[in-house]
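Worksheet for the structure shown next.
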């Protein structure tokens, strides 16, 4: 059975998600939408927005992978250090 996440943590995660979503939306909108003379979204604006989102997702994934690699290295270093400290001389 999966552990339940406390409600306060769920709220915090949701607020962080909304903050990230809002920032991404604003960034891509400001970069991609330039013409307000029509109610329709132009194809180049759609393409730009899609590329902006894809770039952000790839960046987020890459940072996550690098963070995991760094965390693993730190854990291995701590384990090695603990192993050395635990051995008699």
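Note: Cβ is positioned from N, Cα and C throughout, glycine not excepted.
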Which residue range, 28-52, 53-77, is the one Swiss-Prot calls motif 'Twin CX3C motif'?
28-52
Hey, does DSSP put residue 32 (disulfide bond) in a helix, a strand, or just coil?
helix
For the motif 'Twin CX3C motif' (28-52), would you mind checking the mean pLDDT of the predicted model?
95
Within the same chain, the residues at least 6 apart in sequence whose Cβ is under 8 angstroms from that of residue 28 (disulfide bond) are 48, 49, 52, 53, 56
